[in-house]
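Chemist: This is the structure I have questions about; it appears just below.
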Ligand SMILES: [Zn+2]
């Protein structure tokens, strides 16, 4: 499932092909993904220029010259592929249509952007740009973890009196937007905080350490994603998936990487999601 760094990598890959460019034709090959597509979606997108491609949490937001914003959510298995970009960045020829190519954006430049989603947990919607932040999926979101509104005082206040495990509190999109399972595990390890500890019982000083740790794990992953974009001439044009190594995530039974720690990484299921942590380093 794409997390924030993957979505940001997709955004950075799509931006040069979409921003300032006109969608000459838009194919919508089915009535819905997770939810029905907005009414007359193809018609409302056709001929429109994309002014800006933004990201809020794990949503891509394309502001159009019609005054509407196109929201794209990759869901569990959504993929974006770019082909035939005449600007030379993506040199892949247009592939034959694949099963699950649900939406295809044919850009006036000749580039083609394909949204493929076998499980169809993805979503697209159109809304007025002026009130985009009031959209039902966006209005519930807390601050962006890499933005100025995410700071120590915010997190300390959000955790105060909270009886839920800190892992769950950090996954609460109203407290911080777009953080997923992988990066929460990594940030808690960095801070030496047990994922099982109740959020309200962690000292303010320790909560404060989470802010730079969260920013750092996300920024490092985004940097790895950026490196992956440079290799696209050799790849198949698919955006957003890259190799990245984690300290705890996916490392059950392997030695802890903290110098001097001889423990192994454990896995525990919390609210249906796997938590990876070192019981010696994280208290
Ligand atoms: Zn350890």
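Glycine is no exception: its Cβ is also placed from the backbone N, Cα and C atoms.
Curation plays no part in TrEMBL annotations; they are all automatic predictions.
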Chemist: Which of 100, 106, 135, 151 shares the DNA site with 119, 162 per TrEMBL?
Modeler: 100
Chemist: What's the CA to CA span in angstrom from residue 162 (DNA binding site) over to residue 2 (active site, schiff-base intermediate with DNA)?
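Modeler: Pair distance, Cα basis, whole Å: 28 Å.
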Chemist: What residue among the recorded positions 58, 119, 162 has the most other CB atoms lying within 10 A of its CB?
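Modeler: By the 10 Å Cβ neighbour count, 58 comes out on top.
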Chemist: Report, in whole Å, the straight Cα-to-Cα distance of residue 119 (DNA binding site) from residue 2 (active site, schiff-base intermediate with DNA).
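Modeler: Roughly 13 Å, rounded to the nearest whole number.
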Chemist: Using all protein chains in view, find how many other C-beta atoms are within 10 Å of the C-beta of residue 3 (active site, proton donor).
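Modeler: Neighbour count, Cβ to Cβ under the 10 Å cut-off: 18.
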Chemist: With DSSP as the reference, give the number of residues of the domain 'Formamidopyrimidine-DNA glycosylase catalytic' (2-122) in helix, strand and coil.
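Modeler: Helix (H, G, I), strand (E, B), coil: 20 helix, 47 strand, 54 coil.
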